[in-house]
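K.L.:
Checked Swiss-Prot, it gives:
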- 1-33: region 'Disordered' (REGION)
- Arg102: site 'Transition state stabilizer' (SITE)
- His106: active site, proton acceptor (ACT_SITE)
- His267: heme b binding site (BINDING)
Amino acid sequence: MSTTDDTHNTLSTGKCPFHQGGHDRSAGAGTASRDWWPNQLRVDLLNQHSNRSNPLGEDFDYRKEFSKLDYSALKGDLKALLTDSQPWWPADWGSYVGLFIRMAWHGAGTYRSIDGRGGAGRGQQRFAPLNSWPDNVSLDKARRLLWPIKQKYGQKISWADLFILAGNVALENSGFRTFGFGAGREDVWEPDLDVNWGDEKAWLTHRHPEALAKAPLGATEMGLIYVNPEGPDHSGEPLSAAAAIRATFGNMGMNDEETVALIAGGHTLGKTHGAAAASHVGADPEAAPIEAQGLGWASSYGSGVGADAITSGLEVVWTQTPTQWSNYFFENLFKYEWVQTRSPAGAIQFEAVDAPDIIPDPFDPSKKRKPTMLVTDLTLRFDPEFEKISRRFLNDPQAFNEAFARAWFKLTHRDMGPKARYIGPEVPKEDLIWQDPLPQPLYQPTQEDIINLKAAIAASGLSISEMVSVAWASASTFRGGDKRGGANGARLALAPQRDWEVNAVAARVLPVLEALQKTTNKASLADIIVLAGVVGIEQAAAAAGVSISVPFAPGRVDARQDQTDIEMFSLLEPIADGFRNYRARLDVSTTESLLIDKAQQLTLTAPEMTVLVGGMRVLGTNFDGSQNGVFTDRPGVLSTDFFANLLDMRYEWKPTDDANELFEGRDRLTGEVKYTATRADLVFGSNSVLRALAEVYACSDAHEKFVKDFVAAWVKVMNLDRFDLL
């Protein structure tokens with residue numbers, strides 16, 4: 001029978017020919033907008049982690065809940081768990097020490113210093129893709145082992161804190177003395193969408209180390225935390241892995257000594273698992289059937305657990321005491337000759353050919369084996385620079401212990417930001433340079449002092465544009481990922497920020513504000529910079545006919561140059577800041593995508609981003625003083641002119657350069673050029689979501705709302721790093 005006859009018969013019976021069989025009628029099914037337009041602007045990234053996804057509600061105060069925690073009891077429960085072997089996932093040598101160290105390490109090790117994203121700070125290991133990464137095989141079991149403890153203590157301890165604390169307790173239980181522990185990591189309730197894990201479509205796709213310097217990626221292969229333990233692209237060559245190791249650990253802000261300490265310390269305890277070929281391993285947690293209840297990688301080999309476990313496919317035990325801290329890693333590394341071999345799963349590894357059988361079997365005390373190592377472990381012996389450090393640690397175990405303690409603390413706390421965010425009884429007293437330390441406050445300005453300072457700033461001769469621009473330059477370095485940057489510390493006045501091209505306004509404005517600070521001696525320079533923005537906005541609002549008081553919270557301090565790591569702060573220099581119409585490079589993403597990226601780092605919503613761009617344009621805050629996007633005949637007035645003129649159909653826009661970065665807006669009737677713009681301006685008229693927001697502020701009744709919304713978003717940015725107010 002023909003298709004026509006089939007359709008006729010269906011219609012004659014009253015059935016719809018297009019909704020039969022297995023059609024998915026569930027919400028979100030079907031072809032999505034991004035399927036049609038894969039380059040669609042990701043405005044949705046600004047809607048992540050809203051209160052709508054948070055079951056605890058916006059009034060939940062984690063710091064307050066943590067203060068109720070019986071911290072000692074929690075650590076006691078974690079210690080007991082380490083040796084409470086469960087039949088569904090038996091512990092190697094009766095201890096989960098190695099498993100929990102790996103869980104903490106792999107949670108923290110996704111951090112990338114280049115953009116501040118990744119890391120352990122939000123408990124992302126619970127969600128895809130990290131919960132199902134090839135490098136995280138079996139960590140689902142570690143998290144499940146922790147569940148009874150999380151259930152017991154509830155919201156007094158976040159998953160994010162619990163993961164790292166479990167790693168610390170595991171180290172301590174092995175006899176190691178850790179540097180300390182700072183709690184304060186707050187859970188989120190959905191995967192991070194903003195992290196660029198790479199554009200590869202297949203797991204374990206190899207990346208050249210040089211490529212890592214051009215993108216914010218933390219691993220040399222998709223789905224790994226760091227490097228391939230078998231060497232680059234399974235080469236089996238220890239020396240060739242050195243560049244990859246330096247690139248990945250360097251992307252976390254680690255130097256060679258920290259890198260050696262972390263690799264050796266992490267491989268002093270525990271083992272890898274490769275009892276048989278990976279073909280025995282089932283689907284990862286995200287792909288596993290519903291009855292698996294979030295557990296993945298079920299193995300069909302033998303019992304699938306214990307001695308039959310398959311994780312990385314490597315079968316390596318590094319030391320004679322895999323549950324107790326020692327210096328055996330370095331002793332074995334240099335004492336024996338190593339021969340390349342393969343694990344039972346076929347993975348490349350090395351065996352100490354001239355060593356006796358001194359390594360205990362994890363499940364049969366009557367058995368021993370030879371020491372084994374990963375390809376990348378031997379890099380620490382054969383790379384000349386790594387070898388020098390390794391030999392020093394071999395001969396000075398205490399130096400190794402100290403280096404690992406500090407490097408582990410840095411690894412697990414790197415994305416937490418300043419020490420002011422740390423809570424708990426084990427926070428170290430020592431300030432560390434990578435924490436961006438700040439001095440104690442010298443000033444406590446009164447309300448009268450603030451009024452007098454505002455008057456002095458207003459009389460200084462600075463323009464509205466200059467006052468607003470310098471405040472933005474100071475505060476907008478903040479990164480929501482690792483909580484670095486911001487106005488507190490006045491590092492705008494220090495190297496390297498004072499020399500950035502985007503901060504050209506600082507050379508004109510800072511001398512005026514510095515002189516004012518010295519003359520009045522009532523507030524820090526950091527406070528005065530932010531207060532200058534307050535004065536500028538209040539003047540601009542008044543010029544627009546709106547009287548408003550911009551909230552200001554004093555208490556910022558001024559950092560010293562010796563408290564500022566120039567190399568690490570250089571990573572905060574923007575390649576683009578659409579709020580100031582700045583673009584340094586054209587080979588990285590689109591201008592509008594980088595605007596979204598900047599807004600997301602500033603934790604802004606789409607409406608907040610929109611109102612800030614519109615307001616800053618009419619206040620003339622472009623980094624170079626250009627008129628791009630200044631769609632107003634009255635600059636310095638906090639008006640809605642940017643939106644009204646952008647959406648005005650009297651103007652037709654055309655590119656003026658081959659890169660389609662600059663545009664002219666001409667009068668459709670006369671052909672006269674009225675305005676110029678960048679992509680960061682025109683996106684608010686071209687993108688359907690942003691246009692909808694722009695229309696709100698372009699309406700005739702939006703003026704007062706616009707000013708209030710602008711002030712609220714502005715104050716949010718100015719206070720992003722005020723962790724002292726928590």
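Including glycine, each Cβ sits where the backbone N, Cα and C put it.
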K.L.:
Would you mind pulling the DSSP three-state label for His106 (active site, proton acceptor)?
P.N.:
helix
K.L.:
Measuring Cα to Cα, how far is Arg102 (site 'Transition state stabilizer') from the residue listed as 'heme b binding site' in Å?
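P.N.:
That separation, Cα to Cα, works out to 10 Å.
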K.L.:
List, in sequence order, the same-chain residues at least six positions removed whose CB sits under 8 Å from that of the residue listed as 'heme b binding site'?
P.N.:
Trp318, Phe329, Met373, Leu374, Asp377
K.L.:
Using other CB atoms within 10 angstroms as the count, which residue among the recorded positions Arg102, His106 scores least?
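P.N.:
If we count Cβ atoms within 10 Å for the recorded positions Arg102, His106, the smallest count is at His106.
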